[in-house]
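Peer 1: Sharing a structure, written as structure tokens. Questions coming.
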């Protein structure tokens, strides 16, 4: 295939697509240039159906540091495991693509996005999403696309598509919306307490922009697209299906309608085990035994799926007996743990999350060094989902993509209400431990996080709560569900998570299993979510009405002082020698920013005060008219040098030592003496003159005796060679050394 180039303008930037030049052995490949961001996307499909009961789709987003003209960090100087941002971007692309493959498609598909050049003002993730859809669409892989995605901002009351870096920093909204030309099928958002109306407007305008990109893709597919391959889809034997439904459907229906989760799971498993045993015995010697038993398992899954959906759409009954807009029982607890800086335990039905707060000096912030310029991340929200939370065994180790994604969602939801660095100069870490799960654990972690922050004395603007909405749709009719549980999530069509305060939304996330949802469904889901959010906030506020006024006793205390920027090097010292010495002596932690803000942390207030005194002394400057208790450190004929504080010395001229005339400095002071002095002058070079006599009472003028004669005083003959007329010193002499 010869190279072909397609070009358009989108959101004020050039969008160029190249095909037929690189990665030609892949089923489909494109180079997407958006602004100066360049992404290569290659899509590949396996030749045969994979084993397993799921569609093995893998989407990767690879950040090459050369794309931004940077070296990778670390000893190896080579890209390693994907960054958190790369993992989240891969999930962002996967989610709108996955619903676009046929039911029963089991061939393995890999979509690899490689960032070759990076322009921070032209979204590489959106170029990668565009490229992923297009590479699949022009390939022979049976992909029912195209899809596209855009980023949406909200600045000065205006909706902005694919905002620049500067606009993004000013925006009250960070939204990614993706979909087909007919409907939205993926949403990811953080927002600064925006209303449902503004969020809906942003979603709909984002979808209008998505349609533009899809039209451009369709033009390219028409020009270079391949014919789709014929692949085998997983299907079950129709006669076997009819036989099992006739014999066991009523038993499975009864089991599904058991309200309590564990009892329901046990009841359905009894039916499944019974059916499996019957057919294992019946077909034990059959040459296609494995295929038949796979079909039996799939048929039972389909029967359970159908019954759950029938109950909700026809009978308006949910598996646990709730109404469609009813929340499960709620419980909130603070101070679940001693010693930690804050903790909250939130329970919703059989979903339970424990959130633990840790506060630390700003030196503990996470340094993010990716394609964007390096920056420090002050707030971290980590989410852990152990297998015991669902009563199962399983893998333990590093967090997977799902845990990283759920942690990031909670982080976005809570970050919007955190105090500024000036108000609260701490690094903040929340860890959510999911202790039980029956759906919506990510939203439980947000509620638990709010409890932990408030209990820990972090002055958040307002409590945040989260709720997960679901959808059951048969094409003509639909039902929106509030607070979905695991079964409704598994067999439903939508998982729409909404978090926020009483004033507005702080985070959204939507994934669907159908090809899209309408504005009508979005509107209804947002309205139901708002009502539910307020109910949850009532419970949180009843548990802890307001943020505690003080931090936990175990949390590090902080004091901040401001120093001149040119004094920073004095506090740090050569090679960090001075600051390390202060830390060693006092046991505190110290952070200094480039603006001269010095933050001192410790759980011991006395240690903070001591460190503060030392630093204040290091950067202290003498001032005219200030009085100091000084130590004599050097004596010269013309006066004495005294140490005012730390490394700051002053000269007390001999004429400023006493009101009476003195010939020898040693007659008044010795090295090591401590004397009170007053600063009387600081010259342009910073040299300091001080006075002892300025702090002494001035003696009265000499008076005549009764005979009218003057009182005796030392007399020096005028003919003496070195005689000089006495003069009053009104200012001190300069250092004559």
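Note that Cβ sites are derived from N, Cα and C of the backbone, with glycine treated the same way.
Grabbed the feature section from Swiss-Prot, which reads as follows:
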{"type": "BINDING", "residues": "489, 495", "note": "Mg(2+) binding site"}
{"type": "COMPBIAS", "residues": "700-737", "note": "compositional bias 'Basic and acidic residues'"}
{"type": "DOMAIN", "residues": "556-615", "note": "domain 'KH'"}
{"type": "DOMAIN", "residues": "625-693", "note": "domain 'S1 motif'"}
{"type": "REGION", "residues": "691-737", "note": "region 'Disordered'"}
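Help me understand the surroundings of these features in the structure.
Peer 2: Sequence-distant neighbours of residue 489 (Mg(2+) binding site) (same chain, 6+ residues apart, CB-CB distance under 8 A): 439, 440, 468, 470, 495.
Within the model, the domain 'KH' (556-615) carries an average pLDDT of 93.
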Peer 1: Of the residues in the domain 'S1 motif' (625-693), how many are helix, strand and coil by DSSP?
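Peer 2: Helix/strand/coil tally for the domain 'S1 motif' (625-693): 7 helix, 36 strand, 26 coil.
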Peer 1: Taking the Cβ of residue 495 (Mg(2+) binding site) as the centre, how many other Cβ atoms fall within a 10 Å radius?
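Peer 2: Cβ-Cβ neighbours of residue 495 (Mg(2+) binding site) within 10 Å number 21.
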Peer 1: With DSSP as the reference, give the number of residues of the domain 'KH' (556-615) in helix, strand and coil.
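Peer 2: With helix first, then strand, then coil, the domain 'KH' (556-615) has 32 helix, 16 strand, 12 coil.
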Peer 1: Should residue 495 (Mg(2+) binding site) be counted as helix, strand, or coil on the basis of DSSP?
Peer 2: strand
